[in-house]
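Encoded as C-alpha cells, the structure appears first; notes follow it.
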Amino acid sequence: MENDCGKTLLFHPENRKDGFLFSFKNFDGETLLFGAGVIAAQIIGILIAFVLVKAIGKKLINRFFDKLLIKGDVTKGRALTLQSLSENLFSYVLIFILVTTLFNIFGLSVASLIAGAGIVGLAIGFGAQGLVSDVVTGFFLLLEKQIDVNDYVTVGSMDGIVEAVGLRTTKIRSFDGTLNYIPNRDITTVSNHSRGNMRALVDIGISYDENIDEAMAVIQAACAHVAAEDVGIVEGPDVIGVQAFGASDVTLRIIARAKNGEQWAVERQLRKAIKEALDAKGIEIPFPHQVNIHKNMEILKS
C-alpha cells in the first residue's frame, strides 16, 4: 500500500512540475557558458599555435635544404624530394599532436581510445596492408635514390616528370599535362631517363637516285655546324650510315649524345639543319606525290 502511495506521489503532476522547477532553478547557466568559453578559447589557441608552428617549421625545413643546395651536398632534384618528404612527416606529427591535445581538452583518453579500438583495428588490419606496402616501397624508393623530383621516368606504361615522391604516393606529370597519382606499391619497375647523358637519334630518308656518299658528307657537315652552336650536345652528331631501305627512300641514321633533357631539342635542331643543307645541294628527300588526271569524256567518245 505504501509503495502504491509512493508511486502516486512521485508521478503526480504537481510533484513532477515542482521537480522540474527545482532542477531549472539549480541550473547554473553562467558556469556552463564560462566552461564553454574556456574550451572554445583553448581550441582557438591550439589551432592558432598549430598554424604558426606549421608555417615556421616549413620555413625552417626550406631554409635547411636551401643551404644544402648552396653547399652542393645534394642535387636539386634530391633536395626537392627530401624537402617534400620532410614537410609531409612534419605535418603528420603536428596533426597527431593536435588531435591528441583536442582529445585531452574534452576529457578523452587517447590510450583508452586506442585500447578500445583494438578490435576495430584488427578488423581493418587486412585493409591496411596496402598502406603499409605503400610506405615500405616509398621508403626504399627514397633510400635507394631510384627517383627524384624533376626526373624523367617511365613507370609501367606511364612516362613523365616526377613532381613529388611521398611515403604513400608518387606524383608523375605526363607530357600532356596530366598529373598522375601512383600508389607506391604499384611501382614495381622504374626506368629513369635522367641518369647520365641521353641519345639523340635522327633518321633521314633520301632518294634512291641520289649519291649516298655525297648525301652523307652533306649531312655530316650540317651536323658539325649544329655541334658548334648547340651547347646541349656532348658527343657527335655523327652519320653512322645506311639504316634501312624503304619503299621510296634510303634511310640514313644520325646519332649524338646530349645532356639529360636536351635530347629532344638536339633532334629538332638536327632535322632543321639537315633539311636546309640537303635542299641547298639539291638532294631530294622523297615524299608522296599525288597526280590528278582529268579525263575529257567527249574526246574519249570520239
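In case you wondered, yes, glycine gets a Cβ from its N, Cα and C as well.
What TrEMBL says about this protein:
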- 88-129: domain 'Mechanosensitive ion channel transmembrane helices 2/3' (DOMAIN)
- 131-195: domain 'Mechanosensitive ion channel MscS' (DOMAIN)
- 202-285: domain 'Mechanosensitive ion channel MscS C-terminal' (DOMAIN)
- 32-53: transmembrane segment (TRANSMEM)
- 89-114: transmembrane segment (TRANSMEM)
- 120-143: transmembrane segment (TRANSMEM)
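Helix, strand and coil counts under DSSP for the domain 'Mechanosensitive ion channel MscS' (131-195) come to 16 helix, 25 strand, 24 coil. Long-range contacts of the transmembrane segment (32-53) within the same chain: residues 94, 98, 101-102, 105-106, each at least 6 residues beyond the stretch ends and with a Cβ under 8 Å from a Cβ of the stretch.
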